[in-house]
Amino acid sequence: MLDIKLFRNDPEFLKEKVAKRGMDSKVVDEVLELDEQRRQLISQAEEMKAERNKVSGEIAQKKRNKEDADDAIAAMRNLGDEIKVLDDTLNQVDVDLNDKLSRIPNIIHDDVPEGATDEDNIEVKRWGTPRTFEFEDKAHWDLVEELEMVDFERAAKVSGARFVFLTGDGAQLERALMNYMITKHTTQHGYTEMMVPQLVNADSMYGTGQLPKFEEDLFKVEKEGLYTIPTAEVPLTNYYRNEIIAPDVLPAKFTAQSACYRSEAGSAGRDTRGLIRLHQFDKVEMVRIEKPEDSWQALEDMTHHAEAILEELGLPYRRVILCTGDIGFGSSKTYDLEVWLPSYNDYKEISSCSNITDFQARRSNIRFKRDKNAKPELAHTLNGSGLAVGRTFAAIVENYQNEDGSVTIPEVLVPFMGGKTVIRPTK
């Protein structure tokens, strides 16, 4: 959520930023109108409450003097009724203002390129050379079924479309990837491992920006009023919600493996085969809570941490800066890492690393003190995939396939696979 002071102090700047996001800039005027209405109502209510207190004192004085106080009592009742109407109106204006503010995206960084779609993203780095096969290579969705690593058909029977059973070597490879990624982030990159709740309340979803704008993308447990998490970013970021963080805690660096649940609303017909777009998938997440002056370097560091995984796995990738039309709602700047997938003859997103600045911290009331006597300040929050496990799985199967239908295990994963170096067809 943006600071209301920005709207009051520099509305033209905000209109420019909002317009670059593809929103109608009149939303800034609508916020200012509600804000002015709110301030007028507060002023009127305070004046009436002061008058009520004055009349109350007069009533007490009249009673002490044994004078008739009926007119004053009637006046106080009328004031009370008027104050209630004002308070009710003020409460509704507060709701309307907060709802309006909660649907306005973060201010984009000056580095973010203007554009409408992912085709306008700017490539800033490329690592590795896509493999040239000397045989007819196969897509991962064919390879994993031939190797009996997955079962889509039975998953559809049990749960529906866009679910999968990982079986045998497939389950082992998925687990090996998660263990490897978590170990790398905790032992070499300085993150604290967390095991997170996978059901969270509406306040948590609001804090990280999924609610109210993106509710259709979520799965909800109606009876309990809880949501399945779309990413471990949600519980990790909310860990310090409504808290003032002690001076010696920052930077806070968390990593967690979790299942992620997404309805994929609006993605019908996209990536319908294989492991690229599922309703449930595993992901290793990185979350950082930083002092404002440190957050931009933290974004670079976190992106390098995700890249280190891809490089150790030997997977060609590129880094792009997301444009104004593709960047996420809460992000000020986002790098996407895209891994090479031969079946697409293209790069596909495998990680997003974003600086959310104080956007989530304001919604979640995450503050810190520079010393014990200092005034609390809003922290900056960042998040990044390190990595999406299913997409890494698919990339390994495609890039490490052999002519006989087997898949070589990347060297760095062999210890996590119990020493296994190749996954071979069982038939």
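Indices start at 1 and increase along the chain as displayed.
Using the three backbone atoms N, Cα and C, a Cβ is placed for every residue, glycine included.
Because the structure is a prediction, the values reported are computed rather than measured.
Residues annotated as L-serine binding site in Swiss-Prot, with sequence analysis given as evidence: THR231, ALA232, GLU233, GLU285, SER385. What Swiss-Prot lists as ATP binding site is ARG262, SER263, GLU264, GLU349, ILE350, SER351, SER352, and the listing cites sequence analysis.
Overlay of Swiss-Prot feature records on the structure.
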residue : record                : DSSP class
ALA232  : L-serine binding site : coil
ARG262  : ATP binding site      : coil
GLU349  : ATP binding site      : strand
SER385  : L-serine binding site : strand
Consider the binding-site residues THR231, ALA232, SER385 and say which one has the Cα lying nearest the Cα of SER352 (ATP binding site). SER385
Which Cβ among the binding-site residues (SER263, SER351, SER352, SER385) has the fewest C-beta neighbours inside 10 Å? SER263
Given a separation of at least six residues and a C-beta threshold under 8 Å, show me what packs close to GLU233 (L-serine binding site) in the same chain. THR208, GLU285, VAL287, ASN383
Of ARG262, SER263, GLU264, ILE350, SER351, which binding-site residues are close to ALA232 (L-serine binding site), meaning a Cα within 10 Å of its Cα? none
Does ILE350 (ATP binding site) have same-chain partners at least 6 apart in sequence with Cβ under 8 Å from its own Cβ, and which are they? LEU310, TYR317, LEU337, GLU338, VAL339, SER385, LEU387, ALA388, ARG391, THR392, ALA395
For the C-alpha pair, I'd like the distance in angstrom between THR231 (L-serine binding site) and SER263 (ATP binding site), rounded off. 12
Please list, in sequence order, every residue of the chain apart from THR231, ALA232, GLU233, GLU285, SER385 whose Cβ lies within 8 Å of the Cβ centroid of the L-serine site. VAL234, LEU236, ALA256, SER258, CYS260, LYS283, VAL284, MET286, VAL287, ASN383, GLY384
